[in-house]
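Enquirer: Sharing a structure, written as structure tokens. Questions coming.
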Amino acid sequence: MSAATERERLTNANPNARGKDNSGAAIRQRFLKFYETRGHAVLPSSSLVPEDPTVLLTIAGMLQFKPVFMGQRERAHERATTTQKCVRTNDIENVGVTARHHTFFEMLGNFSFGDYFKKDACQWAWELATGEFGLNPERVWVSVFREDDEAFAIWRDVVGVPESRIKRMDEKDNFWAAGPTGPCGPCSELYYDFYPERGLEGADLDDDSRFIEFYNLVFMELNRDADGGVTPLKNKNIDTGMGLERMAQILQGVPNNYETDLIMPIINKAASMAGIDYNACNDVQKQQLKVIGDHTRAVSYMISDGVFASNIGRGYIVRRLLRRVVRNGRLLGIKPEEGASAFTPAIAEVAISMSEGCDPQVAKNSARILAELEREELSFQKTLGRGEEMLAELIETAKKTKTGLSGKDAFTLYDTYGFPLDITADVATEAGITVDLEGFESAMAEQRSMSQAAHQTVDVTAGNALARVADELGAKSTFIGYESTSSDVSNVLAIVCGGESVEEAPEGAKVDIVLDVTPFYAESGGQVGDNGVLHTADGATLEVSDVQKAGGGRIIVHTATVTKGSIKKGSQVTANVDENSRRRAKSNHTATHLLQSALKKVLGEDVSQAGSLCGFDRLRFDFNSPKAPTEAQLLEVENLVNGWISQSAALTAEEMPIAAAKDKGATMMFGEKYGDVVRVVDVPGISMELCGGTHVSNTAEIGGFKILSEAGIASGIRRIEAVAGAGVVELLQQRDAVVKQLASALRVPPEEITGRVSSLQEDLRATQKLAESLRGELAVAKAGALVSQAREVGEAKVLVARLDGVDPAALKVAAENLAAQLGDGAAIVLGSANGANVGLVALFDDKVQKDGGLKAGQVLGAAAKKCGGGGGGKPGFAQAGGRDATQLDAALDEALTTVTAALSPK
């Protein structure tokens, strides 16, 4: 059956749907309007970054209502309807392969919070599908949970679906649960039948070639306890989901979700940039285009919601998806549009133009999206070529030896060339080669282990002893450091010395001490541990240099040196924190909270913490950002922080249930594990964060704040280092000393240093310019001897020659001089070796470009590639470089052959 005939068959399957607006945008609005007229509040899609810090991405429409379903939040509405943007990557290998798998999709949903239940949900679902959308009732099947007789009866007796089209299914298909315990219940699904002529007998709803599930109704009526027993819920809820892409496929009469108007415009854009027609493509090309269409939607919406490419968490999903787009685009031959350096932004512009109905913010954030796509694509392109070459060699070896690709090799591609494992697996699968996934994971684990070992600072033997101590004590240390920096009476619960638990440690011993009560802060949350002293009544003194947690955080361990006397287990000590160090750590910690708020104000609410260190001398703050802040932005951040310091704002710290902290809007760090009760540090109107660290009581105590540096530490991760409080004074003193030294060396007053340096720079530039001019003259002199080597090809004068020891700028001057001497029809390619490096230049005048169809960039690009490099330029002039001078002669020969062939008379 031809594609046109199949489309006609699909379109004619639902006569009542014809004549209606069945565009994706219209289906979305018709769904929402249908439920709005039935008392549902129309609510916007929530972010792809969910409130719950334990969930990576929004994967279902019900996620924004989960606290209501779980009884953790009061309901604002009894009924609601939404269109929710979702991202799932668990079926990423099926994207483009099957008709309906996606990473990004829209879930249309209607919800009831203790209001209507099964009967209304089933009736409205049927009315929507067969009435509003006009589906042929004879093509709609229903599934119910095998034990849900009530739902079966509603579908049969109330809605009127024949028993022959109602299927009872097992728990894995038709029973929903949020987890092992909590709200749960049976569900009922609506399926569309593409081939009813196959009959009722033996029909299998799992047959994807015949059926598509398009609407799922979850009846949350039960609560499952820890023992597995279920009891009825007091309030029964409805949670439904209809895949917009699936309904669009049915109503638009197309064979798969990708050919709907929700995705096809993106695919067509990619195809046009590849110079191909989707309808004329083979299956492999179509699959590649579908991957591009799907993944481009996903990354556009994710970046709009503040998720930027990185190597961790959500950011890695963006990176992984975008790299799949880039690779498939390369395989299709997609090139950037004229004037552009990357091709993904042009494709994303189509996705953005179609986003209004789902999320109006996407269009508003278009500049951010396009900039991030360009940055990440160009970054990946730098390593992709080398990685592809290595992978091709590995695959050829695997074919010859009839072995799969080893996990070690797959990891090398990942670690060295930035190749995600799934891309390696994709390429290998295309070549019929398997990948040792277990070996990859082993190599990954080994690297993590080595990394952890390299950063290990705690003695392993001592750590084991402390773990045993924690188990033996069965108690926890009590921290009183929020209220006080000293303790008059603390009992020594345990002493570890030399990796062993001891009863007594002599003078000079380095020990780990566990106290029952301590004012010492143990390193956590980015803040370093306190230092200070311990004293016993009989005159022993211990200098504390570090404080850590052990035993799963139950005990606080003081690393100390016995400087006087001896210390015994069971002794009572006075514990005194060094107040100057604590004051500096507190100032730096509060400053990081202010810094995060300032970054959000200046760079956008998308900024989130990726790590921090609050030491005694300075602070460090890592954050997610796709690009470096400008100097002006950093100054604005600095001024904001200092402004808040001068406001003398009082801080409050309060413990509360984590649900209450979320409701207050407290900032949480993704990936951090929080207990049921959390500590919220609040600078009213400025900052509110979950934090267990020590802080100043008033921002004025910080005194001042100064940024020292800002830099990228990983893709998508930036780092700011700064000082606060006393550190600012010390910085000013140090810089004042440097200024005085410079003034003395330059023999000018401090205020004239800038002018004197500018004058010296001008002198240097003039000298460099003179040197460059002399090198150019030397190159021209050398090139003069080459004019006689030019050969006439047709009406052109072709000169391809080697001019060693000449830098790129001088090589360009030489080419221009030769062109002037050769006159009309000049076609010049020059190469120069400087050690192992290669410089290349090509110059073609207008006549050469017209007669031979030659482009300097293309000719030079091929030559540079032979020398292990690259480059480009305009049709008339191009420059390139390489890293393998041994191939320069071969590269020039290839260029000569290309130019001669193009210009020879036909």
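Keep in mind that glycine also has a Cβ here, set from the backbone N, Cα and C atoms.
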Enquirer: Match it up for me: which of 1-22, 221-242, 573-594 does Swiss-Prot list as region 'Disordered'?
Expert: 1-22
Enquirer: Compute the centroid of the Cβ atoms of HIS589, HIS593, CYS691, HIS695, then list the same-chain residues not in that set whose Cβ lies within 8 Å of it, in sequence order, for the Zn(2+) site.
Expert: GLN527, LYS586, THR590, THR592, CYS614, LEU651, VAL681, GLU689, GLY693, THR694
Enquirer: Specify the secondary structure state of CYS691 (Zn(2+) binding site) as given by DSSP, simplified to three classes.
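Expert: The three-state answer is coil.
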Enquirer: Long-range neighbours only, meaning 6 or more apart in sequence with Cβ under 8 Å: which ones does CYS691 (Zn(2+) binding site) have?
Expert: GLY525, HIS589, HIS593, ARG679, VAL680, VAL681
